[in-house]
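Enquirer: TrEMBL lists 8-368 with the feature domain 'Methionyl/Leucyl tRNA synthetase'. Look at TrEMBL and you will find 14-24 tagged as motif ''HIGH' region'. According to TrEMBL, the feature Zn(2+) binding site maps to Cys130, Cys133, Cys155, His158. Per TrEMBL, the feature motif ''KMSKS' region' maps to 305-309. For 400-492, the entry in TrEMBL reads domain 'Methionyl/Valyl/Leucyl/Isoleucyl-tRNA synthetase anticodon-binding'.
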Amino acid sequence: MSDGSSFYITTPIFYVNDVPHIGHAYTEVAADVLARWHRQSGDDTWSLTGTDEHGQKILRTATANGVTPKEWVDKLVAEAWKPLLEIVDLSNDDFIRTTDERHETNVQKFLQHLYDAGHIYTGEFQGYYCVGCEEYKQPGDLVDGEGDYEGQKVCAIHSKPVELLNEKNYFFRMSAFADQLLALYEERPDFVQPESARNEVVSFVKSGLADLSISRTSFDWGVKVPWDESHVVYVWFDALLNYITAVGYGADDEEFARRWPATHIVGKDILRFHAVIWPAMLLAAGLEVPKQVFGHGWLLVGGEKMSKSKLTGIAPSQIIDTFGSDAFRYYFLRAISFGQDGSFSWEDLAARYQAELANGFGNLASRVIAMVSRYCDGVIPTAGGLTPAEEAIVALERSVTDAASEAISRLAIHEAIASIWELVDALNLYITEQEPWALAKDPANRARLETVLATVVRGLGTLAVLLSPVTPKATAKLWTALGGEGSVTDQRIDRAWEWTGGASVAPLEALFPRIEASGE
Ligand code: MSP
């Protein structure tokens, strides 16, 4: 990571047919940890999230609720999706809505450009459409329905019947880009990650790429096709463009050149849209393809993707009201290997909260601040002669800083946190072994006591800087308590180990307080 290089990271934009659940929040926090990490690495960082507001799924929900689609999306954005950002402590730089004028105008500009360049033609299409996915399905994507849908073919993701549609549409000549896409996957093995996702995408394109229907006529909740207003733009074509309309495509060339291309964080269910359709659209427009597309796994409940439509959705506030946003962020990024599926369980969350956050990290911080207050009147001592035990701590601070940065560069967030936790464990062990409370009993040990306390203070400072992207609230409090100057978010993360301590400590409330059982 070099100073000032551009890092633009995006989340998918979320369908506002319903309120968020923890699967959505998981995508948000993963992208946010990466954004915060890059900001603290000195990169010229921009993070984008937003909402996907057009299409049949939203139109139907609005109609079923007796309101216009615009009324519906305005309400959901204001009451559910924007508040989610606060709830999970997101540090996004921008929030785009596909109903924003800045988006709609430039979607039209992009489409007109493709039309003028001959990438679009008129055709007739018949196929099975899943409104949940907003996608035409291949026969191989369908499975046998169960229960109410017994005897019918249903979407494998939504378990709901697909609809047979027959429309005259505009088509994007996507098939023309198959070879260029395959060359891209070949030349840039990191373009689609993780490896399993890349393999899936390569074999999908190798099996033959069809052209893409990019307009609809049976409803009008969408961006109008500029040369034929009886059509609206297919919702995915419209939605994918948010990643460039948000950073100045069609409106601000300088901003666009500064930000684009992006790293896209998406769930694996929407990987093909991002790794196949989206780069093909960009190639057709003569624009750079994304820097990287990373497909993360699903949060599972009962072995299936958590979803509101299957009534397995858990609201983020159900967890955060009790455990706090830091614990939410930490838990999902630590417990699940980023890129794999993971099962959520309250027991696992509570156990990790207690063992790792409260006892491991929080307690370490409280003890150290308390000892500096008690034994040194709050003045942070300086280290004297270092023994191998202190040298090992200082060396570890440096090696975990490097290891965590390296893991983040591979988007292996769970590995970065695991590396940082080696320092939490090592500091706890160091205190147990050095017994500062015993040293404090004899004035003859004063110099040694000061060295030990100075060592744990600097270790905690390193932790505050390294964990700031993951647990921003706790680390801000800790930084202040350690007498750190300015904001912890302004400290360079790649030099986290350099900090040696502030002037004096300030009181610190429990970073991760004990959670009383609710007694259901
Ligand atoms: N609107 C499209 C994305 C357009 S991007 C140009 C969409 N929206 S969504 O609201 O259905 O999903 C948004 C994100 O939430 C996706 O990355 C999806 O994978 C993620 N998740 C939805 N349920 C999830 C889980 N149960 N687990 C993890 N992530 C999940 O798709």
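Quick reminder: no glycine exception, Cβ is built from N, Cα and C everywhere.
In TrEMBL, annotation is done automatically, which means it is predicted and not curated.
Tell me about the surroundings of these features in the structure.
Expert: If you look at the motif ''HIGH' region' (14-24), the same-chain residues 6 or more away from its ends with a CB under 8 A from one of its CBs are 49-53, 55, 57-58, 60-61, 72-73, 76-77, 80-81, 84, 267, 298-299, 305-309, 313-316, 319, 332, 344.
Sequence-distant contacts (6 or more apart, same chain, Cβ under 8 Å) of His158 (Zn(2+) binding site) comprise Cys130, Gly132, Cys133, Ser307, Ser309.
When averaged over the motif ''KMSKS' region' (305-309), pLDDT in the model lands at 78.
Secondary structure by DSSP for the domain 'Methionyl/Valyl/Leucyl/Isoleucyl-tRNA synthetase anticodon-binding' (400-492): 74 helix, 0 strand, 19 coil.
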Enquirer: Where does Cys155 (Zn(2+) binding site) sit in the DSSP three-state scheme?
Expert: strand
Enquirer: By a Cβ-Cβ criterion of under 8 Å, what residues six or more beyond either terminus of the motif ''KMSKS' region' (305-309) are in contact with it?
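Expert: For the motif ''KMSKS' region' (305-309), the nonlocal Cβ contacts are 18-19, 21-23, 132, 157-158, 160, 269, 298-299, 344.
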Enquirer: Within 8 Å of the Cβ centroid of the Zn(2+) site residues Cys130, Cys133, Cys155, His158, which other residues of the same chain have their Cβ?
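Expert: In sequence order, the nearby non-listed residues are Val131, Gly132, Glu135, Lys137, Val154, Ala156, Ile157, Lys160, Val162.
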Enquirer: CB neighbours of Cys133 (Zn(2+) binding site) within 10 A?
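Expert: Cys133 (Zn(2+) binding site): 20 neighbouring Cβ atoms within 10 Å.
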Enquirer: What's the number of neighbouring CB atoms sitting within 10 A of the CB on Cys130 (Zn(2+) binding site)?
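Expert: Excluding its own Cβ, Cys130 (Zn(2+) binding site) sees 21 Cβ atoms within 10 Å.
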